[in-house]
Structures are given as C-alpha cells and as structure tokens.
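What follows is a short report on a single structure.
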Amino acid sequence: MVVRNTVQLKESGPQPLPTSPGTSTFNHNVLSLSYNPVFPTPVGPSNRLTQPNHPHPALLPTDYKTHTDIQRERERERSGMAFAKERENYVYVAKLAEQAERYDEMVDAMKKVAHLDVELSVEERNLLSVGYKNVVGARRASWRILSSIEQKEEAKGHDQNVKRIKEYRHKVESELSSICSDIMSVIDEHLIPACSAGESAVFFYKMKGDYYRYLAEFKTGDDRKEAADQSMKAYQVMMLLVWIFTLCLLRKGIQITNSSLLVK
C-alpha cells in the first residue's frame, strides 16, 4: 500500500525526477517527500515563496528573487541615480549663476534643489543663502535710496516728484514682499521638514527670522507688527535649538570624559 503525505526513507539508488507538479523527490538517496496539493500554499509578504511553477513553493530559498523583483530593484537604482544627477545639475547651475552674478537664476536653481525635499548640504545651504541675500539685498538698497530721495523732495516741497518716487518705492516694496514670502514658503514647506540635524534647523530658522525682519523694515501698521512678531518667534526657536544642540554636545563630551576616567 502507498501512503501519501508521509516522509519515507529510501535505501535504494537514485530516485526518478517528478513526473507531475503533484509529486517531488529529492535526489539525495535519503529522503522522498510527497506533495499534497490539498494543503494550502504558504503565503508570504511577496511572491518569493509562492511561485506557481515550482512544485514546492515552501522549499524555495528565503532570498529567492523573481525577475520582477530584480527589475524593480534596477528601476529604484536608476531612479536614485537620476535623482542624484538632477540635484548635481541644479547645484552646478547655481554655481555658474553666482560666478556670472545672475542671482535671480541662482535662486531659481537652488529652489529646485529645495523642492526635491532633501536635507541640504552645507554647500547647498550657503548657495541658497547667498542667492537670496543678493536678490533681496539689491532691492533693500534701492528702497533705502528711494526713501532718502523722497524725504529730500518732500523737504523741498516738490509734490509731483514725491508722488513719482512713492510709486517707484511701492514697486520695490512689492518685489521685496514677494521674494521674502517666497523664501519663507520654501523654508517652511521643504527645508525645515527635511532637516535631520540640529545645525540645519538652526540655519533655516535664523534665515526665516532675517527675512521677516526685512519685511518689518518697510511695512507699516499691523503688517509691520506681524512681521516683527514672526521674526522674534523664529529667532527664539533658533536660540532654543542652539541651546539643545549645545547641551547634547556637552552631554556627549561628559560621557566621553567619564568613559575615559573609568578606563584609566
């Protein structure tokens, strides 16, 4: 009588290969294992253990990779390489724009890096900061010059000239507002959420406080108060992070010192 679903010891020579998906035999001269299709096939997180063409899915190696798995891994590798290349290209364009003193284009290139939602390196942070500082700095200088000329024309009683100057000054103020709002949006939505190190967060909160301060320089009334309050909040967060970061470094230093003393 032949008993199915049991392990049988074989003492004879080599066993024949399976003739159907329902039967399998190891060619080890020791063990013969029958496969019962009634038992459910093990189900895993992937199809590595459930290959339909394999008579014993449960006997597949745990690190078995299908053709689909390999294709997906290659696609991820290609995607990562393309991502890194894209980031490298943006940084290079920003450097070129800096050398050519085309700071608006430098800002555009670094904004694209920021929109990748990755933590910026020290070099990338500096490029972003230099670009925005020059773009805003030129307009801040223009605003101060126009304000000075406006005061002189008012003192002379040249009302028509004062009107023209105010219109021009408002145009510069509008550009300043747009630039400051733009960088603060980038900081809040992309740069700070991507920070994993305290140093990066300190850098961006200081930057945020600076640009709110620039807004407070020319805003009036409630808008000026709001900008000043937001600037103060950003600086306070920055100081808190500096304190925490310094405390962590001090704690690590104490731990290292204690470890050295214990060893001695």
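Cβ coordinates are placed from backbone N, Cα and C, and glycine is handled just like the others.
Between the stretches 1-23, 208-230, TrEMBL puts its region 'Disordered' entry on 1-23. A mean pLDDT of 92 is what the model gives for the domain '14-3-3' (87-258).
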